[in-house]
Amino acid sequence: MSTGEENSGWNLTESDPGVFTELLRSLGVPMIFDDLYSLDPSTLAAHEPLHALIFLFKWTSDSPDPTSGGSYDSDFPGFFAHQVVNNACATLAVLNALGNIPSLKSGQPLAELFNFTQGMDPQTRGLVVTSADWLRECHNSLTPPSAISLDGLGLPKSSEDAYHFIVYLPFMGSVYELDGLKASPIRHGAYEENSEGWAGKAREVIESRIATYPPGSLEFSLLALHDDPLPTLQEQLSVAQTAGDQSLLAELMQNISDENSKRERWAFENALRRHNHMGLMHALLKLLAKTDNLDAAKEGAKTKMTERREKAKARGEAMDED
Amino acid sequence: MEYIDTQRYILAFKAGRALRRDGTNLVEPKPEKGAIILYDGEDDLLHLVWKDRTTGSVGEDLIMFEGDASFTQIPNAPGGRTFVLKFQSSDQRHFFWMQDASSERDTDFVRNLNGLLQDPDFSLTWNTETPPAASTSGPSRPVQQATSEQVETLRRLLSSYRAGSAAPATAPPEYSLTDILTPANINPLFTSHPELVPTLFPHLPSDLPNPPNEETVTQIIASPQFRSAVSNLDQALRTGLLGGFVRSLGLPEEAGASVEAFLKAIQDQAASEDSMQTD
């Protein structure tokens, strides 16, 4: 991964729907992201109205990303920004999605940003986006605070690369692909106004993209951007209560409960992401010492390290010594 | 050969000699068991001597002027335990190889030797648990804790060494904090000492969705976020450059020199906290 200077103060974020949804919350957008485990019609229908799909992937071969079909549309009149800072790729993809949603509800800063960048070329937009301090702070608030600054200690950077993000969304009757690393958006053609809507066309495009990668070379996930279902579910719950519809009531209560558990899990994970764990690590080590368990833990750790090395040697691999 | 009063020893460690084969650049280690001894001569000069431990005879007797000599590792020598004593004032080169059974104390010996060669009043420091017996030479030179100046020197030496050398500065780690702060090690403590669990609550995130309990702590310790923090701390400690940082934890600067030093300091801190409570 690039050095601090090249990343202009943007931290690398995790690609997790909880993280992305928290970003939406900090932008004042009443939508959520969910993991999609399949692209079949029923799964997609469960997230109606679907505003955008984000395809995130890292591919592990050295060959360049295969072309995805469709045609470049350099006259695209919507919002499209280039990725000018590597680590900002997640926020940039989210903005490329949000910027093309009609009548988007959002906080003031985001609305002003979209207003301000109207009519700009993608490169300039990308620069404006990554220069927005408030946006960078929202983005960075989802990463661990540096308990210890690891910059300047000469630690080798891990070899894990960032995910790459591609946004698929409907715009003026066609499915578009927005990739911040490409010159312009790619138009994949019109979609039919049937029950599936644009999502059906998007599915075809994404599936054919996935098929172009050699098997096993692609690690990816899909995120669906859609309205927050909770307010609607609550309304439906009230109606069902009034109507005395027991089975509907039970189903709605289950859905609401599932949704709330998910939010609680996200809130827990995000709290851990933002937290400086130094105090806890120190307290736990002292605990081990006070209960006379630290020496044994150390000896056990030495044994584990030796076993690991031996196993790695047996497999003929060099140990990753950081 | 001059009799060396062990009372005058300042530093000693096991080392063999390696001699240059005539007409070549090859340096061959000699098998004789020996020792490098730094001592205060009766002439008030600092002597570095190589002594054969089997016969007792002194093979080299060199006078060390302050700041003149340095004892440096030869980077390409296999095993990493070959050193050269070289001088600014002359082209003399004397080669040695470390003979202590374990290489763990090599860095301590080398650091202390170089420290003394620069400044005879250098205070010895030991990062390993028990200083070897020959390191003290009577009440006039007790083993002391490093001052912050010395730690700063050490830090500079370590970072310049790492920046310059092609070979890795540290041997592969013996163990990692990630294998110490594990659920397997910690969860049983909560069962045996349940009263300790609430003492951890102040260290948890303040914005958890629900008030914490024992299960919360267990979940956090098993979480990828916590494990990542432990791994970062382990890596950072291995650089040896956390002297300034560890003071914010109430630990002495030496605790930032290595994972081992860190754990030792925490052990001490835990013991002193306990004794404070029982007073």
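Placement of Cβ uses the backbone N, Cα and C atoms for every residue, glycine included.
Noted in TrEMBL for the protein shown:
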type     : residues : note
DOMAIN   : A:9-227  : domain 'UCH catalytic'
SITE     : A:Gln83  : site 'Transition state stabilizer'
ACT_SITE : A:Cys89  : active site, nucleophile
ACT_SITE : A:His164 : active site, proton donor
SITE     : A:Asp179 : site 'Important for enzyme activity'
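Here the features listed in TrEMBL are painted onto the structure.
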{"residue": "A:Gln83", "record": "site 'Transition state stabilizer'", "CB count, 10 Å": "22"}
{"residue": "A:Cys89", "record": "active site, nucleophile", "CB count, 10 Å": "21"}
{"residue": "A:His164", "record": "active site, proton donor", "CB count, 10 Å": "20"}
{"residue": "A:Asp179", "record": "site 'Important for enzyme activity'", "CB count, 10 Å": "22"}
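Separation of the C-alpha atoms of A:Gln83 (site 'Transition state stabilizer') and A:Asp179 (site 'Important for enzyme activity'): 8 Å, rounded to the nearest whole number. You'll find the Cα of A:Cys89 (active site, nucleophile) roughly 10 Å from the Cα of A:Asp179 (site 'Important for enzyme activity'). Look at A:Cys89 (active site, nucleophile): DSSP puts it in a helix.
Between the CA atoms of the residue listed as 'active site, proton donor' and A:Asp179 (site 'Important for enzyme activity') there is a gap of 9 Å.
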